[in-house]
């Protein structure tokens, strides 16, 4: 017994020591992490002998004077740039005016006492970006935070970025989507999409010319000839965690055309679409963006690692994966489609070498488009036709024959300039150099596909036009279990049908036109009541239906949310993010959704306009009791059906279009004795700015939609009960 007790004591002591050891290790690690500090850009020694030797050998800079200008600008922090969303014409114009007013006050107040940094402040439109929708501030992010005169502009940018009406995006990163020339209704693939700033641009371009302009003509009629939003953006990233950054970007823009997937870009699966005679055909994309992983030495002005870790071998290693991604991209491109290949690297090993190899493999089925002609105000250097290949220690190799066997796995033959480089029109590529317009470094090549399939594609697998449905599904693969976190397991999408139990309720209450298809509605609830209903465009719906083998993270836009309130005809309310999608179905016949006197007998969805005073008051307070409305407005509000509704305000467009107006709609809920605006706080702040108002500061946190509605209903029910008790008491007294 003593030996057993002794051994038990020893084990407990040993376990305690082990446990205390782990605790101590964790504590030491936390201390080390807390002591770590990212060096300030000014503290970094901005020199790298290998970097300078390599780029001097490439002869990108033609003179010693230009080389000095190049190195001087690299040692300065990168300016801060941002872009105005172009989703809604009226709102875009107003946002541009607000920014112009804010920047004017910045320039006027930039000489205040104690101003930091001690240099002139310039806030101006980027000259080559259309319609003055992109702006630059000649200060870094840290400098902006330290500058008192920029405080108001800084807070404005943070607030508007959260709603998607502003995107903080580096100027050169805006170039590839512009060069893709995206048209409404097209299918677009973003192969390496995270973090999503370029994806956001693509989404905005697809939304352009759709009905969410909400413009009202001089005669008071809305535009009748606008098409409903359609198109498809497939945003892919290999990193599961980074896919959730894409969700954040797409959610800000409230777009039903987005599908986010999680695959290796170099090995993207085949995609399918609906074909003829109930068969499926291969889906090829009209536009593809291949913003491939790279060394990022064009970001040296904001990424200090480039100065400390750069060497030529990194670019040589990236070359192969970049070429694989580019090849897969052109395979998925439709005939006459356009693909943008881009990197934030200046290295020809990652740029011209990849494009030259791709063009030679295509045997004339691909051609380069002169990208510089499309943005004439952008200062850039044409692509190189010859370049120098080096190893990690900057040893120069004139040809692949000079590469020893031990380096052939790193230095591929495709890294070297081909003999026919002059025939490939590599000069049509563009290299943006930082010292030209005070930007980062960037490379872009625009390719057009001239045939249906590439020469290297298998005739047996890729030449079929239509495929039987039963042959589409890929065989199940038996994979070994891999240890560690492999990403979230997402709930599937279930699409509604005509016989769905929720559809008659939705259709009856909202009175959807025939053009609204129930098959574009989906939910992600396998059992029980559906909390949210999503809407996807026709092309996005088709993509989801025909590609069950694809790992989908999310898709579409949430347009309805279920509320647990009794005695309402329709338990689903329109979400604020759903308004850009749904309002186009109503905007051409707003008079048909006005409340009527018998609304209580036959509840139906209502849309009404209200004056600016009450619109602003509702947004600031979030909910208003009926007695807080003026008599005239109260009569109109009182006739609203109990449940979801839309309120809107008409605002004049900025000069020179002030003769016309645009509609500003918000989602609301009509209770028994009050009306509440269901708009997130940051969205309310944005809408109030469009009305030349500011959000009042508050210490209260926003409530969730369901909680707010239930609380509103319970408060009103309690108030009604108290009123009934009071009335009965008064009657009993009178009796």
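Residue numbering: from 1, along the chain as shown.
Glycine is treated like the rest: Cβ placed from N, Cα and C.
TrEMBL labels come from automatic prediction, so no person has curated them.
Among the residue ranges 652-693, 694-735, the one that TrEMBL annotates as region 'Disordered' is 694-735.
For the S-adenosyl-L-methionine site, whose binding residues are given in the record as 192, 193, 194, 195, 196, 197, 198, 237, 264, 291, the maximum C-alpha distance rounds to 20 Å. Per-residue pLDDT, averaged across the domain 'SAM-dependent MTase RsmB/NOP-type' (70-450), gives 91.
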